Amino acid sequence: GSVPCGESCVWIPCITSIAGCSCSNKVCYMD
């Protein structure tokens, strides 16, 4: 994951996970 999805996942999971993003270092990234 190298492209940030503009969402953090410190308190809640990535909502952008439906678009293929995943949590890494408290930030959502697109793999």
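Positions of Cβ are set from backbone N, Cα and C atoms, glycine also.
Per Swiss-Prot, the disulphide partner of Cys5 among Cys14, Cys21 is Cys21. Separation of the C-alpha atoms of Cys21 (disulfide bond) and Cys9 (disulfide bond): 11 Å, rounded to the nearest whole number. With a cut-off of 8 Å between CB atoms and residues at least 6 apart in sequence, the same chain places Cys14, Thr16, Ala19, Cys21, Val27, Cys28, Tyr29, Met30 near Cys5 (disulfide bond), listed in sequence order.
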